């Protein structure tokens, strides 16, 4: 991992060199961009990497407000923050997770899952706090109608656009991390599934101008995932601790219900009542019946798939639990053979011979015939 002292050196630009120094390489790239801000010739290009693009001034009653919309240049900004996320990933791994895992003495399989849950817990907790702050400051909680009113929501505030760029950067950085962390081949398909699922939903909400609904749904989803990974980490520390898993199981089903309800209310009923129902990609308007059905179908299929995986894992967990309980009952039900009582002769042993209490041998002496 990055930033640690190494005694072994690898050939320059070899596979092992890149894996062990990927965060240092990323730090050098970020430093080059920051140095570019110091010179007038390269400052404009450097700002392209750092700041969100496509800003526009919208006149208001008092003054002008700067808003943003999306475009191809967002890919450059996302790439820059992918590199920054890789650096933060390495810092969390080395200075937090590695120190904790050394004390727990985990196996290789559990160590891999511990690192995965540790990284995702840090991300989900920070994303929940960030998302909640954006939702409160934008006033989406106090005015639920704002989720579909004035659609399409083409113009975004700085914090909303930056939040979406940060989310896309994090989940895109997870793809090369599968290579950098040397994830086992058996774990790669499972991790690719939820990475692609997040990328699909976040990109869809961003490009289809459903950013307000996307913020609410991400807040619900991230809160549930944070509870799951927290329960998983506590389980590694104490295998008998199942309370957080039980709490997560209850919250998981409720979250699926809330997500489906919000999606149906916003897309199925809210957008259906908006007057502007014309398919116009140039203006960012996708409020037509086929588009709404496609959005709802995507959300419903994703939630049904997550619920099916949850039920399947819970049933497997219960089967394993009852097998262990039945095995314990069988062991306790097996009758033990009664212990044989050995009759001890009076006296004590000396050199393998039983002596009587008066010091003589307990064996009967043969009388010599006269």
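Cβ atoms are placed via backbone N, Cα and C, with glycine included.
On a predicted model such as this, the values are computed, not experimentally measured, just so you know.
What Swiss-Prot records for 1-22, 97-119, 181-191, 236-250, 309-370 is topological domain 'Cytoplasmic', and it gives a curator's inference as the kind of evidence. Here Swiss-Prot flags 23-43, 76-96, 120-140, 160-180, 192-209, 215-235, 251-271, 288-308 as transmembrane segment, drawing on sequence analysis. Annotation comment: Swiss-Prot describes 44-75, 141-159, 210-214, 272-287 as topological domain 'Extracellular', evidence class a curator's inference. Summarising the annotation, Swiss-Prot assigns N-linked glycosylation site to 55. The annotation domain 'TLC' is assigned in Swiss-Prot to 112-321 on the grounds of sequence analysis. Marked as region 'Disordered' by Swiss-Prot: 332-370.
Along the topological domain 'Extracellular' (141-159), the predicted structure has mean pLDDT 91.
By the Cβ criterion (distance under 8 Å, sequence gap of 6 or more), the transmembrane segment (288-308) is counted as touching the transmembrane segment (192-209), at least 3 such pairs being found. When Cβ distances are compared across the two stretches, the transmembrane segment (120-140) makes no contact with the transmembrane segment (192-209), since fewer than 3 pairs at least 6 residues apart fall below 8 angstroms.
For the residue listed as 'N-linked glycosylation site', applying a Cβ distance below 8 Å and a minimum sequence separation of six or more within one chain yields 66, 67, 68. Of the Cβ pairs linking the transmembrane segment (76-96) with the transmembrane segment (251-271) and spaced 6 or more residues apart, fewer than 3 are under 8 Å, so the two regions do not touch.
Residue counts for the topological domain 'Cytoplasmic' (236-250) under DSSP, helix first, then strand, then coil, are 10 helix, 0 strand, 5 coil. Within its own chain, the topological domain 'Extracellular' (44-75) is flanked in space by residues 33-34, 36-37, 154-158, 161-162, 165, 206-207, 284, which lie at least six positions past its ends and keep a Cβ under 8 Å from the stretch. Mapped onto three states, the DSSP output places residue 55 (N-linked glycosylation site) in strand.
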